[in-house]
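Below: one structure, written as structure tokens.
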Amino acid sequence: MKTAVVGSINMDMTVTAERIPLKGETLKGDELHYIPGGKGANQAVAMAKLGAEVEMFGCVGDDEAGQKLVKNLQEAGVSTGHIRIVKGVPTGIALITVGENDNTIIVVAGANNCVDKEYVDSIKEELFQCDIVLLQHEIPQETVEYVVDICTERGIKVVLNPAPARPVKQEILEKVTYLTPNEHEAAILFGNDCSTEELLKKYPEKLVITQGSKGVAACRKTGEILLVPARKADVVDTTGAGDTLNGAFTVEVAKGRDIESALKLANTAASLSTEKFGAQGGMPTLEEVIKEMKAYK
Ligand SMILES: Nc1ncnc2c1ncn2[C@@H]1O[C@H](COP(=O)(O)OP(=O)(O)OP(=O)(O)O)[C@@H](O)[C@H]1O
Ligand SMILES: [K+]
């Protein structure tokens with residue numbers, strides 16, 4: 001079983017301060033941390049930690065951040081041989097300020113914008129060796145659509161995590177195997193006219209809506225709503241919970257698990273991830289998840 005992520009690779013520069021600055025204000029920061037991130041890279045790390053063979057497809061700049069990020073992926077067990085290092089373009093960066101339980105984030109896509117059709121064509125052969133591909137919204141939409149087209153044409157399963165929120169063509173929504181928005185992203189994709197239940201029933205065994213501390217919901221082919229309540233967590237930091245859920249769900253689906261088993265495991269993995277600091281720092285191993293699921297029964 002071989003899995004792939006086509007997505008973003010970012011360096012998160014996080015400054016903590018007493019509070020976030022007001023417009024035009026300069027504040028003294030407490031600490032500055034450089035933390036590997038990007039939804040694509042985070043999800044690939046979640047998959048590798050769960051023991052999957054995962055290939056990361058994406059781009060970084062020819063700079064120190066790019067080198068560190070590729071090394072970080074390798075150390076997590078992700079295959080990085082096809083990541084393109086783009087000259088003259090900076091590695092993607094998220095500038096995050098954190099203070100008083102609030103934050104501000106500015107994302108500079110940088111090299112993530114170089115994940116274009118031409119790049120995808122250059123890694124096509126390797127991509128087609130994979131059984132399943134996981135995508136997010138931190139690369140150009142045109143690329144997302146292209147990958148969905150060429151992979152589904154070949155019978156390769158595609159999981160689309162439509163985060164951050166932006167609209168997606170109906171044709172693409174129909175083609176993907178699974179679509180995994182949170183509640184806010186679901187509202188951007190489908191509007192607010194339908195209840196969550198009605199929406200799930202429209203896309204049985206395809207639409208998976210994550211609901212934070214409530215857990216995750218989907219619908220069976222029979223029309224029965226499937227609600228997987230969240231495991232109770234001692235929450236330290238929810239950053240990366242969605243990425244853990246997506247990575248874990250994709251790995252389980254690739255193994256041929258049904259949607260209910262896949263969601264149960266992914267839900268437990270995501271809950272565990274909230275008990276540690278950072279997006280990648282809290283991602284559990286398969287053993288940790290299974291142990292927790294046994295204890296929870
Ligand atoms: N407080 C929590 N307690 C337990 N599990 C949680 C909690 N918050 C999130 N989770 C788990 O993480 C999954 C994803 O959370 P959520 O729906 O908030 O996605 P998200 O907005 O993409 O997350 P984030 O952006 O914080 O990574 C949930 O379906 C659930 O399994
Ligand atoms: K976390």
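A Cβ is built for glycine as well, from the same backbone N, Cα and C atoms used for every other residue.
Bear in mind that TrEMBL entries carry predicted annotations, made automatically and left uncurated.
In the three-state DSSP scheme, Asp243 (active site, proton acceptor) falls into the helix class. Residues annotated as active site, proton acceptor in TrEMBL: Asp243.
The number of other Cβ atoms within 10 Å of the Cβ belonging to Asp243 (active site, proton acceptor), over all protein chains shown, comes to 29. Annotation comment: TrEMBL describes Asn10, Met11, Asp12, Gly38, Lys39, Gly40, Ala41, Asn42, Glu138, Asp243 as substrate binding site.
Summarising the annotation, TrEMBL assigns ATP binding site to Asn182, Thr210, Gln211, Gly212, Ser213, Lys214, Gly215, Gly242, Asp243, Asn267.
Residue density at Thr239 (K(+) binding site): 23 other Cβ atoms are found within 10 A of its Cβ, drawing on all protein chains shown. According to TrEMBL, the K(+) binding site annotation covers Asp237, Thr239, Ser273, Lys276, Gly278.
Summarising the annotation, TrEMBL assigns domain 'Carbohydrate kinase PfkB' to 3-285.
In this structure, Gln211 (ATP binding site) belongs to neither helix nor strand by DSSP; it is coil. Among the binding-site residues listed (Glu138, Ser213, Gly215), Ser213 has its Cα nearest to the Cα of Thr239 (K(+) binding site). The binding-site residues considered are Asn182, Gln211, Ser213, Ser273; of these, Ser213 has the fewest other C-beta atoms within 10 angstroms of its C-beta.
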